[in-house]
Every structure is written in structure tokens, then in C-alpha cells.
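Per TrEMBL, domain 'Fibronectin type-III' is recorded for 4-106, 110-205. Positions annotated as region 'Disordered' by TrEMBL: 91-110. Sequence annotations record features per position, and here TrEMBL assigns compositional bias 'Basic and acidic residues' to 92-102.
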Amino acid sequence: PKAAPTDVRIRVINSTAIALTWTRVHLDTIQGQLKEYRAYFWRDSSLLKNLWVSRRRQFVSFPGDRNRGVVSRLFPYSNYKLEMVVTNGRGDGPRSEMKEFPTPEGVPSSPRYLRIRQPNLEIINLEWDHPEHPNGVITGYTLRYQPFNGSRTGRTVVENLSPNQTRFTLQRSDPISRYRFVLRARTQVGEGEALVEESPALLDE
């Protein structure tokens, strides 16, 4: 093809998807049969400092003579670049003008590696690592826990923790019960995926 799509416009749908519209090329510039429009895009940087990103180019195909489509599976809170081409049976035509766009914040992936230590019968120490994919600025952690003993469960306690906190010490209500922990990270968008662990049973000495 001799011509590129023009007037490429981007509308952000949510933190992981955009809607695209463009002006189609004249059919006499295709020099063959129009196969598809194609959007090449790559994550240029994260909006979080010091987060390494892979700038691997990807593409989405829009078969036929159309002028709109959706690009999904984007990373939240990132800067992206995008170019469009039209293709015939022999390959890509010239690239459109490059467009840049940011994606908004999303919710984080789960915190990593919740470690549970029980140094004595009175306390339980928890320690965890930050989420692999913050998807925004972490505003804190929510820890929910409840004791259980066989089929009996106690009340759920909710602790709201600061964003840089990665450890917590719990005073046990009794020396016998085990505890179920549910830990989530938060951004301003909301709570992310949960990390769920249970404290091991204390062995009778």
C-alpha cells in the first residue's frame, strides 16, 4: 500500500483498553487487496518512577475495510505509543503519524509472599512484599483476619495499613486457634487481588 491511515484518534475506555478511530485510505492506494488495518503499539514507560518496562512492539489486527476498533490488555498507569498501517497480501503500507497516550490507574495485583511466623503462643508476625504490578500509586494495604478452630470462626478484624508497611504483628486471642489472613493492596481506584494464607497449627509440645 502507498498510503497510511490518517486522523487516528484515541479514546481511553479504562485502565487497560482504548477505542481507536481513523480515516480509511483510498482503495486505489492499496495496490492489491485490502487485508486489514493494523495498530502497532508499545509500552514506552510506566508512570511510576523506577519501574522497568519492556518496550516490545505488539499489534492488533482489524480485518477488512473498517475505521474503528478496540485495543485491550494494556498495562494501567503507563505511557504508550501507537502507529497504524493498512496491509495487503504483500505486507504493510507506510506508518501513520505516531500517537502517544497514557493509561489511567488500575487496581494492583496481589501482594507477594505472605510469610507467617509464630515465635510463641502470644503473637503472630506477618511479613510481605509489595505487588509485582502496582498499576498505580499504592495508597495502603487492607488486612482482614479471623481466628478459626475446626468449624468455629471468630469475628473478622480489618486493619488499614500504610503504603510502605510490609509487616504486622497480631496479638493472639487464644493459643489454640489458627488464623485466616486476606491481604490486599489499594490504589485510589480500589482494592486489588487478594493474597490468602492460613497460620499453621501450633504443634503440641
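Even glycines carry a Cβ here, placed using N, Cα and C.
The list of residues near the compositional bias 'Basic and acidic residues' (92-102) in space but at least 6 beyond its ends in sequence, with Cβ under 8 angstroms from a Cβ of it, reads 1-6, 8, 10, 12, 18, 22, 25, 29-30, 38, 40, 44, 47, 77-86. According to DSSP, the region 'Disordered' (91-110) comprises 0 helix, 6 strand, 14 coil.
Averaged across the domain 'Fibronectin type-III' (110-205), pLDDT in this predicted model comes to 94.
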